[in-house]
Amino acid sequence: MEAYMSSIGSKLQMLTTSDHASVVSMNLFVALLCACIVIGHLLEETRWMNESIIALIIGLCTGVVILLISGGRSSHLLVFSEDLFFIYLLPPIIFNAGFQVKKKQFFRNFMTIMLFGAVGTLISCSIISLGAMQFFKKMDIGPLDIGDYLAIGAIFAATDSVCTLQILNQDETPLLYSLVFGEGVVNDATSVVLFNAIQNFDLTNINATIAWDFFRNFMYLFVSSTMLGVLTGLISAYIIRKLYFGRHSTDREVALMMLMAYLSYMLAELFYLSGILTVFFCGIVMSHYTWHNVTESSRVTTKHAFATLSFVAETFIFLYVGMDALDIEKWRFVSDSPGTSVAVSSILLCLVMVGRAAFVFPLSFLSNLAKKSPNEKISFKQQFIIWWAGLMRGAVSMALAYNRFTSAGHTHLRGNAIMITSTITVVLFSTVLFGLMTKPLIKILLPHPKHQSRSMTISSDPTTPKSFTLPLLGEAQDSLDDLGGQDIGRPSSIRALLTTPTHTVHRYWRKFDNAFMRPLFGGRGFVPFVPGSPTERNPQNQWQ
């Protein structure tokens with residue numbers, strides 16, 4: 001009995017020690033997050049640095065310190081977890097991207113964005129997979145099957161354009177910002193959907209039937225994920241519009257918006273869909289309908305709450321990637337052949353650059369053929385910036401590589417360790433080196449305009465949370481609608497639709513939206529005046 005109690009006591013002591021170690025780790029990590037924010041603020045005006053690079057460098061320095069203190073046993077405070085990344089960190093980033101996007105610019109360039117984000121990702125994935133297959137078979141990196149090569153293509157086709165987006169101004173360069181931003185989101189979603197499809201299929205004996213089933217499954221995931229996000233957003237708009245939570249508590253409507261946004265992501269994961277696409281389109285729908293149904297104080301709260309969660313999550317990811325890059329367990333497997341790891345990383349980086357160029361310039365040429373207005377065409381300098389923005393790799397590539405080549409975050413095979421260390425090398429090299437060069441490169445290619453043009457000012461969509469400082473329920477949107485159609489007649493035939501497809505589809509959508517969607521789901525100018533409702537202070541808005 002005494003021995004039994006002693007055993008329990010020792011286990012409790014070990015548990016207490018483990019809990020205390022976790023508390024210490026979390027304290028240090030939170031302190032590092034604060035340091036990233038402070039240093040990022042102090043270096044905000046620098047020519048070279050941005051917040052993502054600062055977080056990555058601080059993570060690397062912290063990893064070195066921990067590695068020295070632990071005697072070479074560990075370099076990180078937290079163990080990398082795919083669940084932590086995909087379930088807790090990624091949703092607020094993607095949702096905020098959809099919630100704050102300027103919808104008019106996004107959908108005006110929707111076809112070009114889909115060309116770059118979906119078709120371009122498939123082209124890049126194919127080139128990287130074929131190149132890896134040709135080069136890696138001649139190198140001693142361990143056994144890799146066709147599924148591994150296709151997975152490598154999906155892993156390194158996932159871009160991270162955060163560095164470029166932090167520098168571009170969507171009011172000064174609306175077309176370029178919209179393309180880089182939109183392609184980044186669709187690219188991540190396409191890469192993850194493609195990776196999951198590869199994981200679910202036996203591609204060792206590929207034939208026409210398997211290829212068709214693969215493509216059909218890919219399209220099903222893409223369309224179903226989008227529709228689920230739209231449906232969840234509409235449900236949230238309908239509930240908040242009908243019940244007017246703000247009459248009693250703005251906290252409830254804010255909480256409902258946040259929970260419905262997260263629910264959309266989790267429903268997608270539950271049904272094995274793409275959570276990235278679902279939560280992105282849920283954010284777009286919520287900003288178009290739900291955001292206008294809540295009280296004014298809730299609008300301010302949600303705008304800043306979603307932006308803050310996204311910012312903290314991004315900083316957390318870059319900070320951890322920097323710390324995990326020095327994990328000694330992974331590098332021990334490749335210590336006997338560092339040249340092989342360097343060669344693999346170099347080949348992958350070259351394939352990323354070639355795969356990127358293989359679709360950006362040809363697809364830009366095709367897109368320009370369909371555009372008649374010179375302002376809507378993508379110039380060569382803009383094409384180069386789009387190509388450059390997609391060279392950086394980030395946390396999505398890391399998470400997918402861990403999913404494919406590790407077990408519970410640990411690597412036990414030399415070939416898998418080489419792929420993990422090569423992924424880390426590519427992520428660090430591309431983010432730091434290309435990221436440092438991004439700001440001066442953009443300043444050279446796109447000189448800052450001395451005076452902002454009228455067209456740029458009016459192109460901003462004042463009805464999005466991103467532009468909250470402008471009139472919330474003003475008439476700028478209507479003037480913008482008129483601007484979009486002032487040079488073209490009202491389409492009355494298929495010929496007009498083919499001549500000006502973007503403007504025509506947008507005009508018909510506005511008619512449908514005003515006639516059916518907004519009266520049912522609410523939105524700008526379509527929320528009835530009810531005491532305690534979002535329009536209580538501005539009853540005249542119901543007539544706009």
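The backbone N, Cα and C atoms fix where each Cβ goes, glycine too.
What you are looking at is a predicted structure, and each value in this text was computed from that prediction instead of being measured.
According to TrEMBL, the protein carries these features:
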- 32-443: domain 'Cation/H+ exchanger transmembrane' (DOMAIN)
- 20-40: transmembrane segment (TRANSMEM)
- 52-72: transmembrane segment (TRANSMEM)
- 84-101: transmembrane segment (TRANSMEM)
- 113-137: transmembrane segment (TRANSMEM)
- 218-240: transmembrane segment (TRANSMEM)
- 304-323: transmembrane segment (TRANSMEM)
- 343-363: transmembrane segment (TRANSMEM)
- 384-405: transmembrane segment (TRANSMEM)
- 417-436: transmembrane segment (TRANSMEM)
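Here the transmembrane segment (384-405) has long-range neighbours at 80, 82, 85-86, 89-90, 116, 148, 151, 154-156, 158-165, 176, 179-180, 183-184, 187-188, 191-192, 195, 199, 317-318, 321, 324, 352-353, 356-357, 360-361, 364, 378, 411, 416-417, 419-420, 423-424, 426-427, 430-431, 434-435, 438, 441-442, 445-446, meaning same-chain residues at least 6 beyond its ends whose C-beta is under 8 angstroms from one of its own. Most Cβ pairs under 8 Å to the transmembrane segment (52-72), among the stretches 20-40, 84-101, 304-323, 343-363, 417-436, belong to 304-323. Ranked by the number of CB pairs under 8 Å to the transmembrane segment (343-363), the listed stretches 20-40, 84-101, 113-137, 304-323, 417-436 are led by 113-137. Counting Cβ pairs closer than 8 Å and at least 6 residues apart in sequence, the transmembrane segment (20-40) and the transmembrane segment (304-323) reach three or more and so form a contact. Sequence-distant neighbours of the transmembrane segment (84-101) (same chain, 6+ residues past either end, Cβ-Cβ under 8 Å): 78, 181-182, 185, 188, 261-262, 265-266, 269, 275-276, 279-284, 286-287, 291, 302-303, 306-307, 309-310, 313-314, 316-317, 395-396, 399, 464-466.
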